[in-house]
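Student: Attaching a single structure in C-alpha cells format; questions to follow.
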Amino acid sequence: MDVLVSECSARLLQQEEEIKSLTAEIDRLKNCGCLGASPNLEQLQEENLKLKYRLNILRKSLQAERNKPTKNMINIISRLQEVFGHAIKAAYPDLENPPLLVTPSQQAKFGDYQCNSAMGISQMLKTKEQKVNPREIAENITKHLPDNECIEKVEIAGPGFINVHLRKDFVSEQLTSLLVNGVQLPALGENKKVIVDFSSPNIAKEMHVGHLRSTIIGESISRLFEFAGYDVLRLNHVGDWGTQFGMLIAHLQDKFPDYLTVSPPIGDLQVFYKESKKRFDTEEEFKKRAYQCVVLLQGKNPDITKAWKLICDVSRQELNKIYDALDVSLIERGESFYQDRMNDIVKEFEDRGFVQVDDGRKIVFVPGCSIPLTIVKSDGGYTYDTSDLAAIKQRLFEEKADMIIYVVDNGQSVHFQTIFAAAQMIGWYDPKVTRVFHAGFGVVLGEDKKKFKTRSGETVRLMDLLGEGLKRSMDKLKEKERDKVLTAEELNAAQTSVAYGCIKYADLSHNRLNDYIFSFDKMLDDRGNTAAYLLYAFTRIRSIARLANIDEEMLQKAARETKILLDHEKEWKLGRCILRFPEILQKILDDLFLHTLCDYIYELATAFTEFYDSCYCVEKDRQTGKILKVNMWRMLLCEAVAAVMAKGFDILGIKPVQRM
C-alpha cells in the first residue's frame, strides 16, 4: 500500500470501494432514466445528482489524503505498484490477480524503474484464448496510468517492458522530507508482535565462534523489525537444563562443600566443566551421584536448586560480557522455563491421538516429515522436541506472537520444520495468519576452508576472538598514524567501532545460508565492501560540513529553505539511490537476508564517492584554500547519505564514529 497514505490506508480502501459502488449505482440510474417515462424519474435524477456529488467529494478527499505530507520515507516500488495496479485493473478489469512486477532498472538507459507485467498478462489472456502481443498490453497499461506525483514519463521497450522515469521534483521533495523529518519508515508493524529466538548458548559452556552468527544475525533482525514499528521480544533460549547439570552440581559439592553458605570462587567455568566431564566419564560412583542430582533438580530440591542457580549465575556473567561488548540485548528464557509445561504438551498430543509408543518412547509422526518427534524418552525424560513444542505454544498463546523467527544454524532445519508442522497439525497456528520462520545460517570456516578452530584444534572462544579483533584494529589505526591526530578517547572509540563493526559486517554481508570464511585481514581491509571502508567513508562524509564550518543548525535551516537540485547525472544517481532505502528494508522484512542491506550501503557509499569526485560541495581558492562558495544543496545530499548510512549501521548493530 502506498506509504504516503499508510496511516489511513484502511479508510482509503473503504472510500475506494464506496466510489466503485457509487459509480455502479450512477450507471444503474442512468439506465433507469432511459426506460421511458417513470413516475419516479425526478426522484431518480435527484438521487443521481446527490450520488455524483458524494462521489466528487470522496474523490477529492482521496486525493487530499494522498497529497497530505508524510514524515515517513516513501517506498517508491510500493507507490509505483499502486499506480500500475490501478492502470492494469482499468485496462483489464476482468483479469483476476494479474501480475504486478515493478523493479529498479539495472541500467540508467532503461529509466529508474521497470514494470514487467505485460508478458505475464499476455500469458493469462492466452489461457482465455485471447492472443495479445505483450507490447500492445504495455501500451494499453500506459494509457490507463492515473495522474500521480512521481512519474515523469514512461517508455515501452523490447517485447513489452515499461521503463519508468521519475520526476526530479518528486525525488527532490522526498530528499527534503528525509532531511527535515529524519529517516523514518511507516509503522508497518503497528500492534504486531515479533519474537526473535537467537544466540541460545549452553549454560556452563563458553560461547564459541559458532554462537557468533546467531547472535549477530538475530540482533540485526530484531533491530530491523523494531525500526519498522513492531513490538520485538528477543529471547535467549539457553541450554540451562539436562544431564550436564547433574555432573556440574556433583562436582560443585565435592570441590566447594560449603557452597550453600560461601559463594564458590569457580573462576574459569570452562575448566570446571572439563573437570566434571572427565570425572563423569571415568568415575562410576561420581556418575551415579550426577544422575541422582539430576533427579533431585527435577524434583526442585532446594539445596540442589541453589547449586544449579549458582552455576547459571557464573555462566551468565561471562555471557553478559560478550553481549555488552557486541551491544546485544536479550531476555533469557532457557529450557528450564518450559519444564513445568512439558507434561501438558505430552497430554495434549496423547488426547488428540497423535502419540505412538515405540520401544518405550512416545513419538509423534507429522505428515510430510520424515523423522518423528520424540516427546518422551524410554526412561521417562523429556527431549529437545518436547521443550521446543512447549516453547512455541507458550509464544503463540501467552505471548500472542504474530511472528516467530528462529535464528539457528542450517543443521537444525529438519528439526524446526517438523516442530512447525506439528504445531500446525495440532491447530496451534495457521501459517496464513501467523508467520513462523527458521532463519538458518551456514558455519564459520577458517582460511583453510575447514571449521574455524584454534591451532591446537579447539573451538575458538568468542571472547578470545573479540580480543584479537580489538588488537588488530588498534594495529591498523596506528599503521595509518591515527594515534597522532586523534585524542586517546577518540582512538579507543575508533578501535571498538572498527573491531566489532568489522566482525559483524563480515558476517552480515554474506548470504546467511552460506558458510563464510573468517579472515581478520579481509574484514579490516579499508577497500571494497567491508565495514572498515564504509566507516571511513561515513567519517569522511561527516567531515565535509565540519570543514566548511557548517553546523547542524545551519543544515536544518537549509533543509527547510533550500531546494535540492539534481541536474548533474551524479546528483541524480545519488538522490535516487538514497530513496531506495525503504524498498531495501521491505525486501529484508520479507526474506530476512541482511546481506541485501550491506550491499545497498556499499552501493550508496560508492554512488557518493562518484558524486563527490564530480560535484564540488565546497569551492575553495586554490592558492589560499579560502572557502569561496558552499553549494548548500550538495551539502544536503551529503547529509542525506550520512543519515541513511547511520540508520543502516544501526540496524546492522555497527557504531560509527565522527572522527577516525
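Cβ from N, Cα, C; glycine included.
Pulled these from Swiss-Prot:
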BINDING   SER200, PRO201, ASN202, HIS211, TYR384, ASP388, GLN412  L-arginine binding site
MOD_RES   MET1  N-acetylmethionine
REGION    1-72  region 'Could be involved in the assembly of the multisynthetase complex'
REGION    529-543  region 'Interaction with tRNA'
MOTIF     201-212  motif ''HIGH' region'
Student: Using DSSP, break the region 'Interaction with tRNA' (529-543) down into helix, strand and coil residues and give each count.
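Tutor: Grouping H, G, I as helix and E, B as strand yields 13 helix, 0 strand, 2 coil.
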Student: Using the structure shown, find which entry in SER200, HIS211, TYR384, ASP388 (the binding-site residues) has the sparsest Cβ neighbourhood within 10 Å.
Tutor: TYR384
Student: Per DSSP, ASN202 (L-arginine binding site) is which: helix, strand or coil?
Tutor: strand
